[in-house]
Ligand code: DGL
């Protein structure tokens, strides 16, 4: 396969940009094609069949744009669709899951909080993760209602953001959590606000850098790394273009055009 082809990345909204920024940092020569499925957000409250169907459609679109690999920059869509996508497509498909293992490794008292969507926390994939790696720790899960919408609003640190974050985090602090896993790609955008609310010793785990590292490893292994250019970023969305354009400018950078995602 031609290594100059782009990397396809998608999420329900702009949360996946928190992963894209690490990919960009670690792989600056790559073209990154990003889809925000903003017309169908939030995935976390939809059933897994619906999310899997969206993931299939977006993956087909990205492959039609020439993608050499797909990054599911969404924990919820990974839980719902990574297995079927890998069965149907031969190109590398990189998924995400909450960083339970690093979360437990970082904890001193063994009390770990997992922040993710209902869809992720209720999935068979997450139950399996807990069974394999949750042993010996007290794992407290928390579907952070309202955080995805808060990030989509691009108010990441104002009084409302602080209130929404504190409401979800306080019960975890009360239970002694000293390690917090951000198991939804929207949540790293709230990192600084979370920091304001938790005790200073609390570890906050974001799996974005590890996903970018794994992507780099997989591309290198298959001879698909692109070199010696400066890659571009292109975006598509299934919702309102002007809104996504604004979000991308605020959470990524200006000058990145957003195009409509074809309905079929
Ligand atoms: N950003 C997504 C995740 O990592 C899901 C957000 C949503 O649409 O509920 O799970």
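In case you wondered, yes, glycine gets a Cβ from its N, Cα and C as well.
Pulled from TrEMBL, these are the features on record:
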type: ACT_SITE; residues: 74; note: active site, proton donor/acceptor
type: ACT_SITE; residues: 184; note: active site, proton donor/acceptor
type: BINDING; residues: 11, 12, 43, 44, 75, 76, 185, 186; note: substrate binding site
Ask   = Quick one: Cα separation, residue 76 (substrate binding site) versus residue 184 (active site, proton donor/acceptor), in Å?
value = 8
Inquiry  = Restricting to the chain of residue 185 (substrate binding site) and a gap of 6 or more, list residues whose Cβ falls under 8 Å of its Cβ, or answer none.
reply    = 11, 15, 16, 18, 19, 73, 74, 75, 96, 208
Key: Near-site residues: substrate, ref 11, 12, 43, 44, 75, 76, 185, 186, CB cutoff 8 A to centroid   = 13, 15, 16, 42, 74, 77, 117, 119, 120, 148, 184
Note = Expressed in angstrom and rounded to a whole number, the substrate site built from 11, 12, 43, 44, 75, 76, 185, 186 spans a maximum Cα-Cα distance of 12
Remark   = For residue 12 (substrate binding site) and residue 184 (active site, proton donor/acceptor), the CA-to-CA distance in whole Å is 11
